[in-house]
Amino acid sequence: MNNKIRDNYFDNLRGFLIICVIVGNSLEYISPSSVNPHYLILFLYMFHMPLFTFISGYFCKKSKRSTVEKVIDTTKIYLFAQTFYFIFNRYILDRTSVKFQLLYPSWTLWYLMALIIWYVLSDYIKNYKIAFALSVAASLIIGFDGSIGTYASVSRIFFFMPFFIAGMAFNKETFLEKYKKYSIHLGVLTCVILIILFAIREFTDVEYFFEYTNYTFYSDSAIYPFILRLFHYIGGFIICSFILMVFTHKKTLFTWFGKNSLVLYISHAAVIQLLTLRPILKYGSWSQLILSEAFIVTVLLVLAMIIKKITSYAKSMQIHDINDLNQQA
């Protein structure tokens, strides 16, 4: 029996974010031609992984597990998922050129590798303000290094590190009480960010917001990617702060998604790719896009429920076996 008390506030946040991740990644992967969701994808990438990282930082500090336990648990999950996606790509999608590469995470698995590094570094972070400032500076500077690429998710580890540190320093009660009066201001600033994002959408590729490589990978000049990274930080923190301010503590539909966000995160890339093998998803209009995205989320919801049932049954059988052994002893 699980006596762990969950926080609906953070489950709601995680549920909302995992849906944003699913929608953003599926639209980016499918890249519809009849409709143009480019601005929507840019908007989602502005905040969904920054806020996920922030929440991970918060629970890193709150967790009663030791750093060693967190690193081992996350490494196990990463190795399992990386192996699964190697088999999935090689033998299900018939991508025969795919090789098992431990330090080149499959599509969405970079986050698990980054978590391992952040957990290790968390033990050495004593002054949050200094660590935050240094991590932002390091991220902005490292983008100029042309040798930085997708290997070991180095670029993303550096870019998202400030959000992780901010999460470690976060006090929910203090934030909600102290800054509640500024919620309108945050809303206005969020609108300003969205207007700026809309203005630059035509000459801003989504890849820039992946933050997975150096500035000159997609551009001859490093200036614009550098400005975009700075904008990503400013806009990301503003939007994240606004979302943190307005989310509810009550149970909602997001709550269930949040409780199962890990399963959804690991499985959604496979489901998206499988669904595109057949003409199931339609993106001829915005209404079809909405229905197709809802279908993807629904399939993942059902899959997560099945996995949850199986794991719950396995755990109950394990408990019964232990009880039987105790009775025989």
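Glycine is no exception: its Cβ is also placed from the backbone N, Cα and C atoms.
According to TrEMBL, the features are:
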DOMAIN    8-305  domain 'Acyltransferase 3'
TRANSMEM  12-31  transmembrane segment
TRANSMEM  37-59  transmembrane segment
TRANSMEM  104-121  transmembrane segment
TRANSMEM  150-170  transmembrane segment
TRANSMEM  182-203  transmembrane segment
TRANSMEM  223-248  transmembrane segment
TRANSMEM  260-280  transmembrane segment
TRANSMEM  286-307  transmembrane segment
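Across the residues of the domain 'Acyltransferase 3' (8-305), the predicted structure has a mean pLDDT of 96.
Residues of the same chain lying 6 or more positions beyond the ends of the transmembrane segment (286-307) and with a Cβ under 8 Å from any Cβ of it are 19, 22-23, 26-27, 32, 35, 37, 257, 260, 263-264, 267-268, 271-272, 275, 280.
Taking residue pairs at least 6 apart in sequence, the transmembrane segment (223-248) and the transmembrane segment (12-31) share three or more C-beta contacts under 8 angstroms. Proximity of distant same-chain residues to the transmembrane segment (260-280), defined by a Cβ-Cβ separation under 8 Å and at least 6 residues beyond the stretch ends, is recorded for 14-15, 17-18, 21-22, 25-26, 29-30, 77, 81, 84-85, 88, 92-93, 106-109, 111, 295-296, 299-300, 303-304, 307-308.
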